[in-house]
Amino acid sequence: MNEYIKGLPKAELHLHIEGTLEPEMMIDIGKRNGVPLPYPDAEAAREAYAFKDLQSFLDIYYQAASVLLCEQDFYDLTMAYLKKARSQNVRHAEIFFDPQTHTSRGIAFDTVITGINNALRDGEQNLGITSKLIMCILRHLSQDEGLKTLEQALEYKGVIAGIGLDSSELGNPPDKFRSLYERAHKEGFLTVAHAGEEGHADYIWQALNTLHVARIDHGVHCMEDETLIHTLVERQIPLTVCPLSNVRLGVFSSMEEHNLKKMLDRELSVTVNSDDPAYFGGYVNENYLAVQQALTLERKDLVRLAVNSFTASFLTQEKKQQHIAAIHTFDKNIT
């Protein structure tokens with residue numbers, strides 16, 4: 001199945017660009033920028049990429065991001081991801097970035113977004129991978145701070161397609177950001193939110209009913225609530241699931257325990273994504289392979305996941321259908 005997964009056309013919809021910072025790149029950029037790091041080399045840094053839950057992961061994640069200072073850094077980070085994604089036959093990526101992680105360190109908003117966007121444009125031109133950029137608000141910070149960041153984003157409406165919500169979930173429910181999302185909708189942004197990773201089904205309800213999001217990031221705890229399952233299916237709300245991340249952060253004790261297959265069986269619009277691949281041990285194809293092996297997924301399941309990835313995207317209907325046709329052509333030509 002490895003070669004089949006590698007060749008399968010797919011989209012990635014849950015990817016934090018800061019989470020693609022491989023130890024080697026972190027060390028290189030740190031040296032380039034004169035940022036002292038507590039690791040003598042990439043191998044030591046990789047060993048330090050150890051954590052037991054979401055919060056301990058975030059602590060390491062924010063420390064690593066401290067090397068990102070210049071437009072070139074954000075360009076290099078983004079281009080490295082796009083090249084990796086293209087090698088795994090990702091045709092379209094909807095990428096999260098966390099400006100508050102950088103502006104809180106004195107990095108200009110424009111520096112962050114210009115570096116990322118230049119790479120996205122070059123990626124489309126040179127690699128043929130299309131993309132959309134989603135700005136995430138850090139939920140452990142206040143709504144007022146998030147609103148200030150949203151104000152900064154208004155100047156870049158042509159670049160930023162959507163608004164999301166990430167970081168520490170427990171104790172920071174979606175309801176906390178009601179006003180921010182009202183403003184985002186008013187300004188014409190697409191909206192998504194992380195919900196139901198650490199938080200339970202109620203957080204998903206809040207994201208749907210208070211924030212009125214078009215897509216739920218993670219959402220695995222939806223299976224606790226029958227009414228919620230029916231609502232998600234009826235309203236065709238996609239769920240961007242990240243299997244390796246879920247196991248690494250202890251949401252599930254093992255991949256065999258993951259509920260992805262059960263979600264598929266309930267006709268939920270589930271997609272497979274890598275989240276923060278530099279930290280969780282794999283990019284999108286490794287996630288596909290992990291669930292395929294652990295949950296004994298068949299080819300028809302993999303096709304469904306790939307089709308879902310485009311159906312759940314923010315591409316036009318015409319573009320979605322073109323990609324879905326390519327999936328079926330690929331599948332038909334594989335014996």
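Glycine is treated like the rest: Cβ placed from N, Cα and C.
Taken from Swiss-Prot, the feature Zn(2+) binding site covers HIS14, HIS16, HIS194, ASP275, and the record attributes it to sequence analysis. Listed in sequence order, ILE95, PHE96, PHE97, ASP98, CYS136, ASP166, ASP275, ASP276 are the same-chain residues at least 6 apart in sequence whose CB falls under 8 Å from the CB of HIS16 (Zn(2+) binding site).
Residues annotated as active site, proton donor in Swiss-Prot: GLU197. Residues near GLU197 (active site, proton donor) in space but far in sequence (CB under 8 A, at least 6 apart, same chain), listed by position: LEU54, GLU169, ASP217, HIS218, GLY219, VAL220, HIS221, ASN246, LEU249, VAL251.
HIS218 (site 'Important for catalytic activity') has a Cβ environment of 27 other Cβ atoms inside 10 Å. For HIS218, the entry in Swiss-Prot reads site 'Important for catalytic activity'.
Under the heading substrate binding site, Swiss-Prot lists ASP276.
Other residues of the chain with a Cβ within 8 Å of the Cβ centroid of HIS14, HIS16, HIS194, ASP275, the Zn(2+) site, are LEU15, GLY19, PHE96, ASP166, ASP217, HIS218, THR240, CYS242, SER245, ASN273, ASP276. There are 31 other Cβ atoms within 10 Å of the Cβ belonging to HIS14 (Zn(2+) binding site). Summary for the binding-site residues ASP275, ASP276: the Cβ-based neighbour count within 10 Å is maximal at ASP275.
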